[in-house]
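I have placed the structure first, in the form of structure tokens, so that the comments after it can refer back to it.
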Amino acid sequence: MAAKHFLDLSAVSAHDLGGIMNDAMWRRAATKAGEADKPLTGKMLGMIFEKPSTRTRVSFDVAMRHLGGETLLMSATEMQLGRTETIGDTAKVLSRYVDAIMVRTTDHKRLLELAEHATVPVINGLTDDTHPCQILADIMTFEDHRGPVRGKTFAWTGDGNNVLHSFVEGAARFGYRMKIAVPLGSEPKYRFLNWARNQGASIMLCHDAENAVTEADCVITDTWVSMNSEDKAPGRNVLQPFQVNKQLMMRAKSNALFMHCLPAHRGQEVTDEVIDGPQSVVFDEAENRLHAQKSILAWCLGAI
Ligand code: CP
Ligand code: NVA
């Protein structure tokens with residue numbers, strides 16, 4: 001049987017994503033109740049990082065341990081992969097040692113190549129193009145506070161980056177609307193917009209943060225300069241009108257949530273007043289990474 005990879009929200013059916021979300025809520029309740037939940041006993045997760053990480057690294061590590069499994073952390077610079085070994089050969093070798101591979105990499109093609117050659121499940125822990133694990137945690141967080149996301153409006157303001165691409169795919173899978181404001185030249189890649197719109201998602205793209213945020217149920221932003229995109233980032237003066245501050249939040253619904261995947265650059269894409277304010281749920285998002293990762297691992301390894 002082919003390995004069950006978790007590569008992107010567009011690559012997993014809405015039915016399976018719904019199952020992962022339900023499982024995450026159930027496992028979170030079980031963890032908080034102190035119930036033993038160890039379906040991955042004896043399993044090993046290999047984690048390859050080609051970029052820095054705090055949340056993804058720690059939440060996958062802790063999730064795997066809670067589920068009874070173990071982890072092996074590999075920094076690409078300390079692997080032969082970081083010298084001359086191919087991704088394909090690396091995938092084949094690691095598949096002989098571990099039961100699943102989580103990778104954070106640069107070019108999305110590297111993720112796809114790893115998955116093509118691995119005989120064990122591969123999980124996308126962020127690429128230059130997407131960050132699907134983050135969006136599951138974010139949807140869980142919204143639903144914890146405000147109920148089902150279907151029909152709700154999520155506004156994105158800032159750079160058109162990997163996290164946004166996965167939010168766009170999520171709109172097609174989970175039924176929320178997206179209103180996106182980015183500077184001219186920082187648009188998300190059109191293949192993500194086209195795919196989601198072809199699936200029936202409602203996605204509005206503009207260059208005016210106030211327009212995007214007006215009457216939104218949730219306001220989302222992310223760093224202005226993503227890892228490995230430093231040379232493409234527009235200047236601060238171009239991005240400043242997309243900052244989430246109190247004035248901008250006042251355009252959204254009065255009960256709108258503020259979300260950010262973290263790490264945040266306070267004073268740039270978001271002010272302290274907003275990220276530390278009553279509408280912010282950024283640390284709930286971070287916590288839900290742990291619960292969502294458990295269910296992604298369980299799904300990949302046949303424990304859902
Ligand atoms: N949000 C997120 O993926 O954080 P890390 O880069 O710390 O993993
Ligand atoms: N867009 C950010 C997300 C970090 C979790 C980056 O890629 O650097």
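The backbone N, Cα and C atoms fix where each Cβ goes, glycine too.
Keep in mind that TrEMBL annotations are predicted by a computer and have not been checked by a curator.
As recorded in TrEMBL:
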type    : residues                                                                : note
BINDING : S53, T54, R55, T56, Q80, R104, H131, P132, C133, Q134, C261, L262, R289 : carbamoyl phosphate binding site
BINDING : N162, D222, S226, M227                                                  : L-ornithine binding site
DOMAIN  : 4-143                                                                   : domain 'Aspartate/ornithine carbamoyltransferase carbamoyl-P binding'
DOMAIN  : 151-300                                                                 : domain 'Aspartate/ornithine carbamoyltransferase Asp/Orn-binding'
Surrounding CB atoms that lie within 10 Å of the CB of N162 (L-ornithine binding site), all protein chains: 27
Whole-number Å value for how far N162 (L-ornithine binding site) lies from Q80 (carbamoyl phosphate binding site) (Cα to Cα): 27
Close-lying binding-site residues around ligand 1 among S53, S226, C261, where CB distance stays under 6 Å: S53, C261
Neighbouring C-beta atoms (10 Å sphere around the C-beta of Q80 (carbamoyl phosphate binding site)): 12
Residue distribution over DSSP helix, strand and coil in the domain 'Aspartate/ornithine carbamoyltransferase carbamoyl-P binding' (4-143): 71 helix, 21 strand, 48 coil
Binding-site residues near ligand 2 among R55, C133, D222, R289 (Cβ under 6 Å): D222
The domain 'Aspartate/ornithine carbamoyltransferase Asp/Orn-binding' (151-300) [mean pLDDT, rounded to integer]: 97
Cα-nearest neighbour of N162 (L-ornithine binding site) within the listed binding-site residues, S53, R55, H131, C133, C261: H131
Using Cα positions only, nearest of the binding-site residues to S53 (carbamoyl phosphate binding site) (D222, S226, M227): M227
Pairwise Cα distance maximum in Å, L-ornithine-binding residues per record: N162, D222, S226, M227: 12
Number of helical, extended and coil residues in the domain 'Aspartate/ornithine carbamoyltransferase Asp/Orn-binding' (151-300), per DSSP: 64 helix, 26 strand, 60 coil
Neighbour-count leader, CB within 10 A, binding-site residues: R55, R289: R289
